[in-house]
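Colleague: Relevant sequence annotations retrieved from Swiss-Prot are reproduced here:
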type: REGION; residues: 46-249; note: region 'Uridine kinase'
type: REGION; residues: 259-469; note: region 'Uracil phosphoribosyltransferase'
type: BINDING; residues: Lys283, Arg292, Cys326, Lys327, Arg328, Leu329, Arg381; note: GTP binding site
type: BINDING; residues: Arg336, Arg361, Asp387, Thr392, Gly393, Asn394, Ser395, Glu458; note: 5-phospho-alpha-D-ribose 1-diphosphate binding site
type: BINDING; residues: Gly457, Glu458, Phe459; note: uracil binding site
Amino acid sequence: MGSKSVVDMIEAASRAHFSGLHVNGHMNGLEPSALKETTSASEDIQRQPFVIGVAGGAASGKTTVCDMIIQQLHDQRVVLINLDSFYHNLTEEELARVHEYNFDHPDAFDTEHLLSCMEKLRQGQAVDIPKYDFKTYRSSVFRRVNPTDVIILEGILLFHDPRVRKLMNMKIFVCTDADVRLARRIKRDTVENGRDIGTVLDQYSKFVKPAFDDFILPTKKYADIIIPRGGDNHVAIDLIVQHICTKLGQHDLCKIYPNLYVIHSTFQIRGMHTLIRDSQTTKHDFVFYSDRLIRLVVEHGLGHLPFTEKQVITPTGCVYSGVDFCKRLCGVSVIRSGESMENALRACCKGIKIGKILIHREGDNGQQLVYEKLPNDISERHVLLLDPILGTGNSAVEAINLLISKGVPEGNIIFLNLISAPQGVHVVCKKFPRIKIVTSEIDNGLNEEFRVIPGMGEFGDRYFGTDDD
């Protein structure tokens with residue numbers, strides 16, 4: 001660290017500073033010219049739907065599963081889009097030899113059109129989805145699909161293209177016995193599509209079965225959930241619906257990042273946020289209500305620690321079956337704002353060890369000064385990283401990288417803060433997908449000065465009473 005002393009570094013960090021790391025007026029890794037686009041993207045994501053992909057072999061029960069999910073979620077919130085709608089129209093030459101056309105091959109689908117429609121729906125635009133006629137082998141009519149909370153995509157090869165998989169928040173594979181699927185296919189194609197049984201069996205042995213083995217079954221590994229017996233598995237479908245309902249009640253970023261947790265909002269929490277965000281709130285009230293909120297965040301964060309079952313004898317002589325939480329724990333505060341969260345952690349965890357990290361950039365060359373004082377055995381502990389504001393995410397990344405370099409497993413870090421900007425959430429969660437983030441609210445984004453908006457100003461200055469005003 002050259003001639004700079006630790007005292008000088010802490011003094012520098014005590015002056016007015018922003019939540020992100022800055023170099024020559026620019027946020028590290030993000031140019032100001034791109035700020036509006038980034039902020040806009042973070043706002044768009046809050047309008048994006050929860051996308052469920054349902055794949056599996058032909059006649060495995062995918063449509064039945066989708067219908068049951070829709071019925072339990074209420075159809076006004078859900079739209080079903082079938083991959084069959086995106087078959088290519090057959091040419092005259094292909095129509096003349098239609099029985100030799102492989103409808104179960106990835107090339108039979110217009111994947112680009114599907115991606116285009118999904119992109120528009122994710123941007124809040126209505127789209128026209130084609131309706132494929134299996135008697136004429138053409139799309140002659142369209143149906144208008146409006147943006148909605150939940151989009152269910154269904155199709156045999158839905159997981160084949162990685163670009164389509166990337167759109168999905170949940171991937172379900174319906175697994176049904178091959179004989180059952182064949183019997184269903186014979187019934188469907190002869191009764192509904194007017195085909196003769198000989199043609200159906202010939203197509204099954206020539207195209208359907210090889211396609212399942214070559215293209216469909218290998219994509220089973222991408223599924224988040226595998227449902228045996230399709231629509232007959234009511235327990236699995238009930239669990240899926242419960243999970244979807246939970247996700248619908250969460251902030252949209254929580255649907256994308258499963259390790260992001262926003263504590264349940266109540267009028268008490270909203271009221272405390274109103275007070276600490278108010279520029280006219282006195283220092284005494286700001287500290288009082290900040291401490292209350294910090295305590296709630298810390299308690300919620302502790303709930304994500306591993307535990308073991310434990311039985312105790314109560315004063316009445318009865319046995320109580322409870323849990324025993326992880327004892328190998330420490331806190332690490334990011335100087336200076338993070339120190340405001342230490343008292344709440346000590347109040348919740350008697351005698352807990354707390355380390356400190358200082359990350360600061362100064363000068364035209366953007367030299368980074370880092371000071372750290374951490375427990376010697378930190379690699380053996382679960383770590384609660386304390387910083388009340390997650391802004392650009394760059395300071396958090398530096399702190400997390402330091403912890404990992406000290407041997408702390410990524411999955412052992414829980415990052416606690418009061419408010420988070422979507423940009424910071426993206427940066428941290430994409431780089432460290434196993435880290436848990438616990439926050440009390442997610443704000444709109446960052447302004448041109450890289451401050452969280454609506455935000456609460458410079459937290460450290462307001463909490464420790466070092467405002468320049």
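Placement of Cβ uses the backbone N, Cα and C atoms for every residue, glycine included.
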Colleague: Around the uracil site recorded as Gly457, Glu458, Phe459, what other same-chain residues have a C-beta within 8 angstroms of the site's C-beta center?
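Modeller: Going along the sequence, the neighbours come out as Ser337, Ile389, Gly455, Met456, Gly460, Asp461, Arg462, Tyr463.
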Colleague: When the Cα-Cα distance from Arg381 (GTP binding site) is computed for each of the binding-site residues Asn394, Glu458, Phe459, which gives the smallest value?
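Modeller: That would be Asn394, the closest of Asn394, Glu458, Phe459 to Arg381 (GTP binding site).
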Colleague: Widest Cα span across the GTP binders Lys283, Arg292, Cys326, Lys327, Arg328, Leu329, Arg381, in Å?
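Modeller: Taking every pair among Lys283, Arg292, Cys326, Lys327, Arg328, Leu329, Arg381, the longest Cα gap is 36 Å.
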Colleague: Rounded to the nearest Å, what's the C-alpha distance separating Arg336 (5-phospho-alpha-D-ribose 1-diphosphate binding site) and Arg292 (GTP binding site)? Just drop the number here, would you?
Modeller: 19
Colleague: When the Cα-Cα distance from Lys283 (GTP binding site) is computed for each of the binding-site residues Gly393, Ser395, Phe459, which gives the smallest value?
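Modeller: Closest recorded candidate to Lys283 (GTP binding site) by Cα: Phe459.
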Colleague: If you count other Cβ atoms within 10 Å of each one's Cβ, which of the binding-site residues Leu329, Thr392 has the most?
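Modeller: That would be Thr392, with the most Cβ atoms nearby.
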Colleague: For Leu329 (GTP binding site), which of the binding-site residues Thr392, Ser395, Phe459 has the nearest Cα in space?
Modeller: Ser395
Colleague: So, three-state DSSP: helix, strand or coil for Ser395 (5-phospho-alpha-D-ribose 1-diphosphate binding site)?
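Modeller: Reduced to three states, the DSSP call for Ser395 (5-phospho-alpha-D-ribose 1-diphosphate binding site) is helix.
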Colleague: Helix, strand or coil: which one is Leu329 (GTP binding site) in, per DSSP?
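Modeller: Going by the DSSP assignment, Leu329 (GTP binding site) falls within a strand, counted as strand.
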Colleague: When the Cα-Cα distance from Gly393 (5-phospho-alpha-D-ribose 1-diphosphate binding site) is computed for each of the binding-site residues Arg292, Lys327, Arg328, Gly457, which gives the smallest value?
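Modeller: So, of the listed binding-site residues, the one sitting closest to Gly393 (5-phospho-alpha-D-ribose 1-diphosphate binding site) is Gly457.
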Colleague: Compared by Cα position, which of the binding-site residues Arg292, Lys327, Arg328, Asp387, Asn394 is the closest one to Phe459 (uracil binding site)?
Modeller: Asp387
Colleague: By Cβ count within 10 Å, point out the most packed of the binding-site residues listed: Lys283, Arg292, Arg336.
Modeller: Arg336
Colleague: Counting only residues 6+ away in sequence within the same chain, which have a CB under 8 Å from the CB of Cys326 (GTP binding site)?
Modeller: Leu305, Pro306, Phe307, His382
